[in-house]
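Asker: I'd like to ask some things about the structure below.
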Amino acid sequence: MAPIEPDPALVDAVRSAQRVVVFSGAGMSAESGVPTFRDALTGLWERFDPMELATPEAWARDPALVWAWYEWRAALVRRVRPNAGHVALADWARATDLTVVTQNVDDLHERAGSTVAAHLHGSLFAPRCSACARPAELDDVRFAGPGHEPAERITPPACVACGAPVRPGTVWFGEDLPAESWRVAVGAAENCDLMVVVGTSGVVYPAAELPVRAVRAGATVVEINPDPTDLTAAVTHSWRATAARALPALAAAAGSGR
Ligand code: OAD
């Protein structure tokens, strides 16, 4: 595929940026093979709406269904690899003060070599007790072992301290964001001079406030997304491109591309 070029105003913004924040959403991992929340699921999970499984109500109603869904997602993430966009961000961070704030619960930024300052919606790989909040040390094989068969219901493991069911370490609809992650994310958004908003539909709050906070604080905000979103009208530049194509081009413009 032919390389793509950012427009000249964007190249200037990237070259002059001292503090960069990348705010990523599910589209960041789409080219790795992780479906976004708006993609229809196939196979075992096609009858379920992710928005309805990621709730405290779903957990209260049917913990084994919710746990099985998260095990399936974790196994899927374990099978895929970071894409060229994740790699470009890790390279860019070696040359610039660059902070990654993500809504993603996968670990693809980290596996590409980035440090993630804030996982606003938690992680697939940090389950904890639903009662006493003790982190659960689950054998990683559980998520991706050879022969791991997808199942529609898997009883969640019991907490070794109190016996209550272990729950996924993700933030569900209606739950508060982890306070420290949110504090770090707001601080970064309000103190950057360039924010790259990549692969998010910008409909889930409060995370979607971050680009608006950055614009208000005077930053240049560029959206990378093949489609327009709820944030498009608010940002400085909107680049209709995918993460795996646009981010290497931006990192190269910043002088840190491979
Ligand atoms: P969404 O699934 O809402 O949106 C994904 C966005 O990625 C869409 O705007 C797509 O157009 C865009 N997209 C698709 N492929 C892309 C690509 N290759 N490169 C760049 N962009 C691409 O995902 P989020 O905005 O992350 O919350 O969703 C926000 C939150 O809602 C999630 O963190 C999750 C979800 O329900 C919780 O789990 C609490």
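Think of each number as a place in line: the chain as shown, counted from 1.
A Cβ is built for glycine as well, from the same backbone N, Cα and C atoms used for every other residue.
Automated prediction, rather than curation, is the source of TrEMBL annotations.
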Asker: From Ala243, Ala244, Ala246, grab the residue that TrEMBL records in the same NAD(+) site as Gln103, Asn104, Val105, Asp106, Gly199, Thr200, Ser201, Asn225, Pro226, Asp227.
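Answerer: So, going by the record in TrEMBL, that would be Ala243.
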Asker: Find the average pLDDT over the domain 'Deacetylase sirtuin-type' (1-258) in the predicted model and report it.
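Answerer: Over the domain 'Deacetylase sirtuin-type' (1-258), the predicted model scores a mean pLDDT of 91.
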Asker: What three-state class does DSSP give Gly199 (NAD(+) binding site)?
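Answerer: Coil, per DSSP.
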Asker: Same chain, not part of Cys129, Cys132, Cys159, Cys162: whose C-beta falls within 8 angstroms of the C-beta centre of the Zn(2+) site? Give them in sequence order.
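Answerer: Output for this site, in sequence order: Ser130, Ala131, Ala133, Arg134, Val160, Ala161, Gly163, Ala164, Val166.
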Asker: Can you check which residue among the binding-site residues Cys129, Cys132, Ala243 has the largest number of Cβ atoms within 10 Å of its own?
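Answerer: In terms of Cβ crowding, the pick is Ala243.
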Asker: Look up Cys129 (Zn(2+) binding site) in the DSSP assignment and reduce it to helix, strand or coil.
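Answerer: Looking at the DSSP assignment, Cys129 (Zn(2+) binding site) belongs to a strand.
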Asker: These are the binding-site residues: Val105, Cys159, Cys162. Which one scores highest on other Cβ atoms within 10 Å?
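Answerer: Of the binding-site residues Val105, Cys159, Cys162, the most buried by Cβ count within 10 Å is Val105.
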